[in-house]
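Record features, source TrEMBL:
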- 1-25: region 'Disordered' (REGION)
- 51-73: transmembrane segment (TRANSMEM)
- 60-545: domain 'K+ potassium transporter integral membrane' (DOMAIN)
- 93-114: transmembrane segment (TRANSMEM)
- 184-208: transmembrane segment (TRANSMEM)
- 220-238: transmembrane segment (TRANSMEM)
- 250-269: transmembrane segment (TRANSMEM)
- 329-349: transmembrane segment (TRANSMEM)
- 369-396: transmembrane segment (TRANSMEM)
- 417-439: transmembrane segment (TRANSMEM)
- 451-473: transmembrane segment (TRANSMEM)
- 480-501: transmembrane segment (TRANSMEM)
- 507-524: transmembrane segment (TRANSMEM)
- 558-754: domain 'K+ potassium transporter C-terminal' (DOMAIN)
């Protein structure tokens, strides 16, 4: 808990020249000396943490199950989606293999594992983690609710740069125009929506491809049976999400490790048995020859080849579970070589049996190990799906914290691991859409086209965000930034041009899903922003409050009134609305602001900021509760208890500082406080504390604003649709504030307001 100055006067702060508040400011300075060394250690806690070699290897092994399940199961469907109409020229197999090899090298290995993963926010990955980094280094947050005290948090790490530097110029350019901030937010939302689309498409294509192995050894089974089996597995997978992965998570790594071991061994076997000459695909000259033979089919085949690098978006989003070095070791030592062997083995087999391309993975498995491999493939597909679903839940929670998603229930499924969460509403939406995609398309090809579209757009968004990260956070030279951006965009735009040809063949699915989620997220954020602006512009002057006198012109009844507001300063309009319409107010009034900051966590000891509003006789306080986007859901069961503990501590500190001169320090004040003699000021403060303690026992009432937003009659039609229909519908179906704050109905008092935009 941090105690700050006393608020009063005409909407600002009472002058520090006041003896009482001046001495409190002095004490605050004495108790809150700069702790650069300790803060530096906390800020770099993640980066500086050292792991023993044995522990690092153990973490690398565990990361296989969480981070690489999706990327590892790509061999199930890559070659069929690359050649959906069959292989016309055996040399095309070598060209396709060469493209796969260099795609895996350039995108997952060089770009993501060794560059993008280093752009984590204290270990947190994903598009919103990158956005949080940018919000701390430039004022690009569209809701301007940050205060200078937020920058004093130990987790609020950021770098500074010279005013004339390229980074400073970029920062000013971003901050200058509201439309640029808005465009950056939309870019982040597009990337997030595409990852949500992956949460639908990954389980569909992975499980359907794994279940498709039944047709190879049981030829009499038709595709309809395979679809039914896949749907049953998917329903089972989504139905057990509420249990969390804590109990079965230890199985993930061994399953995926066995998967990589099997596909690498089978790949080596096929290369040696069928055609060792496929290894010449490591020469990039075969890529040139592949395209030189011409034809649109070879260009559009890039959409299938790109599926070999799907899973990189989940790789970055799930980064928070492991140190970057463990993720890098796992990829370079196990994942990368095993995937190269698996694809090389399938290519060698297809050189001999090109007509087996539809089921290339299962056809290339030796009959002796077919059924064990089928079982492992099914479990690996489930693990890959679980990783993507978990990444989707994590992104939804981050979007909630940034005010970009309607209020939904978030359940923490593990007491040991903070990142393991379950979002019931999203889970069932994902399940319905996933089953619809699986049963609607019924084959890998169209789902693969949809999957490729989603992944390439996520890659493009990440590249653009990384460009800003390199400038503002890493302060790289503009030449290096230009080189990284140019090389990334050349590769990714090439893939993007290929998937555009497949929009009408299933590629439209992620676009429609993403568009729906984008509308929901942006409209909700717009409504949240307008509500905040309304509170800011309609807040009550402190002069008006002070003019009412200590009783506020009302009867002060026993109890504590917690007035919830989005304002971290000033008195909200709902308070004036409340006291204008009711003749009484509680003995103690606390304005509570729950604020989300662009940091991954706020330490418990720094969570609450408390200050007094007006003279002591008013018994009015402000409490700002600050949370990061990965903290436990802010309205936990202990919220009220912690809030009161912070208030009591503030009052104790306030009473301790009275009578201290400029030369006094904390120990002198404390020793004086322990003496039996009490002067008038001290007695008055202790009386205040006793009163506060007693009114808490008298009862707590939660006063919340129920603000309704409506579009003006002269507003444009799209704004009327967005506000009066979409936003109104979302507010109606989302959770109430009282439910999120765990407020009992008998202690709740709603204050209604309407304003027009």
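Using the three backbone atoms N, Cα and C, a Cβ is placed for every residue, glycine included.
Sequence-remote contacts of a segment are chain residues at least 6 beyond its ends whose Cβ falls under 8 Å from one of its Cβ atoms, and for the transmembrane segment (417-439) they are 199-201, 203-204, 207-208, 227, 230-231, 234-235, 238-239, 241-242, 244-246, 249, 320-321, 389-390, 392-394, 396-397, 408-411, 447, 450, 509, 513, 630-632. Stretch with the most C-beta contacts under 8 angstroms to the transmembrane segment (51-73), considering only 184-208, 220-238, 329-349, 451-473: 329-349.
Counting residues 6+ beyond its ends, the transmembrane segment (250-269) has Cβ neighbours under 8 Å at 61-66, 68-69, 72-73, 75, 334-335, 337-339, 341-346, 364-366, 369, 372-373, 376-377, 379-380, 383, 386 in the same chain. Distant neighbours of the transmembrane segment (329-349): 56-57, 60-61, 63-64, 67-68, 71-72, 74-75, 78-79, 93-94, 96-97, 100-101, 104, 108-109, 113, 257, 260-261, 263-264, 266-271, 273-276, 278-279, 281, 308, 356, 360-361, 363-364; these residues of the same chain sit at least 6 beyond its ends, with a Cβ under 8 Å from one of its Cβ atoms. Beyond the transmembrane segment (220-238), the same-chain residues lying 6 or more positions past its ends with a Cβ under 8 Å from any Cβ of the stretch are 203-204, 207-208, 211-212, 214, 378, 382, 385-386, 389, 427-428, 430-431, 434-435, 438-439, 442-443. The recorded stretches the transmembrane segment (93-114) and the transmembrane segment (480-501) share 3+ CB pairs below 8 A when only pairs 6 or more apart in sequence are counted, and are therefore in contact. Over the domain 'K+ potassium transporter C-terminal' (558-754) the predicted model carries a mean pLDDT of 73.
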